[in-house]
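Taken from Swiss-Prot as is:
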- 16-42: region 'Disordered' (REGION)
- Cys30, Cys44, Cys47, Cys53: [4Fe-4S] cluster 1 binding site (BINDING)
- Gly83, Lys84, Gly85, Gly86, Val87, Gly88, Lys89, Ser90: ATP binding site (BINDING)
- Cys256, Cys259: [4Fe-4S] cluster 2 binding site (BINDING)
Amino acid sequence: MAPSFEEPTVALGAASKAAPKLVAPEPEHCPGPESEQAGKGDACAGCPNQSICASAPKGPDPDIPIITARLSSIRHKILVLSGKGGVGKSTFTSLLANAFASNPDSTVGVMDTDICGPSIPKMMDVETETIHVSNAGWNPVWVSDNLAVMSVQFMLPNRDDAVIWRGPKKNGLIKQFLKDVEWGELDYLIVDTPPGTSDEHLSVNSFLKESGVDGAVLVTTPQEVSLLDVRKEIDFCRKAGIRILGLVENMSGFVCPKCTHESQIFKPTTGGGGRLAADMGIPFLGSVPLDPRVGMACDYGENFMDRYPESPASMALRKVVRTISRQVGEDPDEVLPETDAV
């Protein structure tokens, strides 16, 4: 049986058991009905839920040990973050997953936590698939023999249905993705997140903290409008105790396939990602040039790096993947052999 939004007892029941029953929507700056500040924060004053939240049981989340045990067979957990939307974060996630999975000895999972804007299934050409429940838990959708995906998209009755949820429901589904999905033994679990620093990010960090996260890869474009939000993302990671594996500058230029001349489409008005990484004291993983065929490959669910291995973007991506593998303690030559990388 496949869980869906038409079957709330299957899809959402377990995730919402511990949450107190509220009588009104949470205010804008609600600390969360399950947080230590529930019913005590400034935003709680005058809220109809204040007494309910204040009297709700507090303490360690009993699901955390279950999540830790469930994920104990996953060697590396990598978050992909961006401050600004539209910088190619989900595209980079799909490329990173495909690159890791290009080694037949590696098994890779992708968890799409962009609840309101899931795009990973489209990029992986599994948009019409559904997930199924077995005795072991929810089964992810397998793109290939060694690449699996889990996304809210698989639970939508119709592809274009909007997910209009507040924080607690999003948090509950993310918890269920971590607690109930039978990932099995993975070498890499890559977590794609929505832009910014929202409920989804806080939930992923709190649920994964005990099981160990290798770190986060931040994605930006060269212009200051994007870098401005990346600085906030860096601050979030530091406050949340998330190791920053490095910064990737996406769409850094366009290399003409005829003359190989590089043009700056998004000019780095303040120095771009490289200077930001140096100023903020984080690793710079590299610059990936713009290639219109990346978007086309994502639309058709194709593996861009396999189809266009000679593209400057593919070459740059391979270098980034090798650097990330080194950051998490793996031998780059085993992850992406030198014969396949430039």
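Don't overthink the numbers, they just go from 1 along the chain as shown.
Cβ coordinates are placed from backbone N, Cα and C, and glycine is handled just like the others.
Note that the coordinates shown come from a computational prediction; the quantities given were computed from them, not determined experimentally.
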Extra residues within 8 Å (Cβ to Cβ centroid of Gly83, Lys84, Gly85, Gly86, Val87, Gly88, Lys89, Ser90), ATP: Ser82, Pro195, Val219, Thr220, Thr221, Ser226
Listed in sequence order, residues with CB under 8 A of Val87 (ATP binding site) and six or more positions away: Pro195, Val219, Thr220, Thr221, Ser226, Asn250, Met251
Coarse DSSP state, helix versus strand versus coil, of Cys47 ([4Fe-4S] cluster 1 binding site): coil
By Cα-Cα distance, the member of binding-site residues Cys44, Cys47, Cys53, Cys256, Cys259 nearest Lys84 (ATP binding site): Cys256
Distance [Cα-Cα, Å, rounded] between Cys53 ([4Fe-4S] cluster 1 binding site) and Gly83 (ATP binding site): 31
Neighbourhood of Gly88 (ATP binding site), C-beta criterion under 8 angstroms, separation at least six: Val219, Thr221, Asn250, Met251, Val294
Distance [Cα-Cα, Å, rounded] between Gly85 (ATP binding site) and Cys44 ([4Fe-4S] cluster 1 binding site): 30
Neighbour tally for Gly85 (ATP binding site), based on other Cβ positions within 10 Å of its Cβ: 14
Nearest of the binding-site residues (Cys30, Cys44, Cys47, Cys256) to Lys89 (ATP binding site), judged by Cα-Cα distance: Cys256
Spatial separation of Gly86 (ATP binding site) from Cys44 ([4Fe-4S] cluster 1 binding site) - C-alpha basis, Å: 34
Cβ-Cβ distance under 8 Å to Ser90 (ATP binding site), same chain, at least six residues away: Val80, Asp112, Asp114, Ser119, Ile120, Met123, Asp192
Between Cys259 ([4Fe-4S] cluster 2 binding site) and Cys30 ([4Fe-4S] cluster 1 binding site): CA-CA distance (Å): 55
Pairwise Cα distance for Cys256 ([4Fe-4S] cluster 2 binding site)/Gly86 (ATP binding site) [Å, integer]: 23
